[in-house]
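> First the structure, which I've put down as structure tokens, then a few questions once you've had a look.
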Amino acid sequence: MATLSCQPSDLATLLGSTSTANSSAVADYLCSRFNTVAATLTSTSYALDNTYLLFSAYLVFAMQLGFAMLCAGSVRAKNTMNIMLTNVLDAAAGGLSYYLFGFAFAFGAPSNSFIGRHFFGLSHFPNPSTDYSFFLYQWAFAIAAAGITSGSIAERTQFVAYLIYSTVLTGFVYPTVSHWFWSADGWASAARPSNLLFNSGAIDFAGSGVVHMVGGIAGLWGALIEGPRIGRFDRSGRSVALRGHSASLVVLGSFLLWFGWYGFNPGSFLTISKSYNDGRPYYGQWSAIGRTGVTTTLAGCTAALTTLFSKRLLVGHWNVIDVCNGLLGGFAAITAGCAVVDPWAAVICGFIAAWILIGFNKLAEKCSYDDPLEAAQLHGGCGAWGLIFTGLFARKEYVAEVYKAGRPFGLLMGGGGRLLAAQLVEIAAIVGWVSVTMGGLFYGLKKAKLLRISREDEMAGMDMTRHGGFAYVYNDEDDPSGKPAGFMLRRIEPADGSPSPVDDRYPSGMAAV
């Protein structure tokens, strides 16, 4: 909002009164009223922007519920309580670590280009540059990165390992990366006022790299160091599907994540009341926010449909789990450039993201890599594509609106290769940093025998062995390991030995009920 001010000395000369004293008195009165209105409008603008940011923070936090449902549906029933608990742990442990250290490392300005050094424990808060709403919003992002990693190492990881990695990731590893690319002091940040990387800085508007690649690469190292789940590959190395127990939870979780993404991407503008002052009173940051919601939607929808028909051609059936993962892959990819690309470009982003996910999943099978939620392939692979996509398709006008006029823009949009070079540097920096820190952490946990559970516990399921009982009154029917001694639904055959029509329709044994 433009600054409004009134000086009595300027106003007195315009009143046309013969009495200088009267002119000054009237000018003082009018200016006092005018300044009161200006202060009220300024406070209203702050209130509107903070309300918008808080609402966006609530949407992003609601994604934790989506993560929980998606993770629960993607694992076997015998590990449901364990994966639910890890999602709660990500939010709880991440809340304390981000409050004590993480926010300061990420946004503690003034600082150096590597890491922040102010606002530990939210000291000196609020201040003219930031408020509590900004902390809440950034915390929701931090725990999203931790939630991504938990999916990669599901069904075989000790609870203490979850606690350690979640605290380190949200309190140090992720904040350092967000400082590099989002803080005005970061060495590769597009928000940096001067000395920009390649005179551009890396554009990662809502975190294809900062959030999704960090979580995905951390999960990649965790899953590689732990190794695959028992039974995931046979002795000859062929892939054996260990299907999750509830497609319904996967679909509901995906819809919740979709809903939350409208806080994730459009909310990253942080304010809504800014005018671009381009001669169009109807056009401002509120319009850019709407456009960002559209690009987010189109990328996800295109990726979902591309996955649907591609998997139909490849495997011969329509698979809702694959479609949900494709949808999320499109969202992860568009997150970097959602504010600086046209809607038609978002369609291209989603289409290619779907094929990248399919390709990385094929590669994972060939390498005997086991990721129950495809988190490393989805968030790591599609997140990297999102950064490259932004370097190719960022539009000049949108880059000027969101960042600053005169900045490099997309290579295919006529902006040269400097932005693309900065994007590639971001990919390399994230892969290197997360590999050293989180890869080293997971390796240390393995050496300390704190990473993977015992074979017996894994076969029986962590709900029974680590959490006191199953989440449901039944167990996975097609899983021969770890059948509980208590009550279970089981199949009852007719006395004459001939199957009934009802049994043919309900092979799972529900006819007995």
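Including glycine, each Cβ sits where the backbone N, Cα and C put it.
Pasting the relevant annotations from TrEMBL:
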| type | residues | note |
| --- | --- | --- |
| TRANSMEM | 52-75 | transmembrane segment |
| DOMAIN | 52-472 | domain 'Ammonium transporter AmtB-like' |
| TRANSMEM | 96-115 | transmembrane segment |
| TRANSMEM | 135-153 | transmembrane segment |
| TRANSMEM | 160-182 | transmembrane segment |
| TRANSMEM | 202-225 | transmembrane segment |
| TRANSMEM | 246-264 | transmembrane segment |
| TRANSMEM | 284-308 | transmembrane segment |
| TRANSMEM | 343-364 | transmembrane segment |
| TRANSMEM | 420-445 | transmembrane segment |
| REGION | 492-513 | region 'Disordered' |
> Do any residues of this chain, six or more beyond the ends of the transmembrane segment (420-445), have a C-beta under 8 angstroms from a C-beta of it, and if so which?
149, 161, 164-165, 168-169, 172-173, 176-177, 180-181, 188, 197-198, 200-204, 209-210, 213-214, 217-218, 221-222, 225-226, 336, 384, 387-388, 390-392, 410-411, 451
> How about long-range neighbours of the transmembrane segment (284-308): same chain, 6 or more residues beyond its ends, C-beta under 8 Å?
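Distant Cβ neighbours of the transmembrane segment (284-308) are 258, 261-262, 265-266, 269, 271-276, 318, 322-331, 333-335, 337-339, 341-343, 345-347, 349-351, 353-355, 357-358, 398, 401-402.
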> Should anything in the same chain at least six residues away from the transmembrane segment (246-264) have a Cβ under 8 Å from its Cβ atoms, list it; otherwise answer none.
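Distant contacts of the transmembrane segment (246-264): 55-63, 65-74, 77, 141, 144, 206-207, 293, 296, 300, 320-321, 324, 327-328, 331, 335.
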> What mean pLDDT score does the domain 'Ammonium transporter AmtB-like' (52-472) have in the model?
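Mean pLDDT for the domain 'Ammonium transporter AmtB-like' (52-472): 94.
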> Can you tell me which parts of the same chain pack against the transmembrane segment (202-225), counting only residues 6+ beyond its ends and a CB-CB cutoff under 8 A?
141, 144-153, 157, 165, 169, 173-174, 177-178, 181-182, 188-190, 264-265, 267-268, 332-340, 369-371, 375-384, 386-387, 390-391, 394, 399, 402-403, 419, 422-423, 425-427, 430-431, 434-435, 438-439, 442-443, 446, 451
